[in-house]
Amino acid sequence: MLGFWYGIELDKPQGKNDGSINNVQYFTCSPGYGLFAPPHRISRLFKHSEEDCSDHDSADLSLMSKSSTDGENGILSPSSPRSTLNSQRSIRKSSRFSHQLSSPSNSQKSCWLTIGINVFVNNEIGIVRYIGPVDFADGTWLGVELRAPKGKNDGTVQGKSYFSCRPNYGLLVRPNRVTVRGINGAKLLNESSS
């Protein structure tokens, strides 16, 4: 399959490889501890509480690009259960926990979009650096600093600085363009904070 894949080392031997597929070594781990998964199949599992949004440390993940592979070589198929990623970079299957993370009603109660929270935007991971109005359009916008130079600015747009980051790492987007643990950002916007 084409696209981006995460290479993940599991805590238990429930994987399907050692970090290699088709004799190409992407990362190193013990046999049976490696797993590759597309971004939409994983989400962050917080260490202290299921609804704790104060932990903004981001896990270091190896972003993989694959040209071809199949389920026998360690790729999750569409029928595979959704997995969650914790701060120790391991995968644990937990349909109960994954369901709670994906449920807007649970997350909306305690996990609003805030400065410093990790978001997924344009197939990239970034950190919210600004929430508020902009001079060039109506409504609330988010300033996001991406992990890779796939942005459009450095936090300054049309001469006004909304936040600061390295050139081409910044984006200003509407909340509905981002997701947090699979939930659309527009559903997580706390109107009292904007």
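Keep in mind that glycine also has a Cβ here, set from the backbone N, Cα and C atoms.
Note that TrEMBL annotation is computational and uncurated.
Going by TrEMBL, these are the annotated features:
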- 1-38: domain 'CAP-Gly' (DOMAIN)
- 57-108: region 'Disordered' (REGION)
- 64-89: compositional bias 'Polar residues' (COMPBIAS)
- 97-108: compositional bias 'Polar residues' (COMPBIAS)
- 132-174: domain 'CAP-Gly' (DOMAIN)
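Here the domain 'CAP-Gly' (132-174) has long-range neighbours at 58, 113, 119, 121-122, 124-126, 185-186, 189, 194, meaning same-chain residues at least 6 beyond its ends whose C-beta is under 8 angstroms from one of its own. The average per-residue pLDDT of the prediction over the domain 'CAP-Gly' (132-174) is 95, rounded to a whole number. Counting residues per DSSP class in helix, strand and coil order gives 0 helix, 22 strand, 21 coil for the domain 'CAP-Gly' (132-174).
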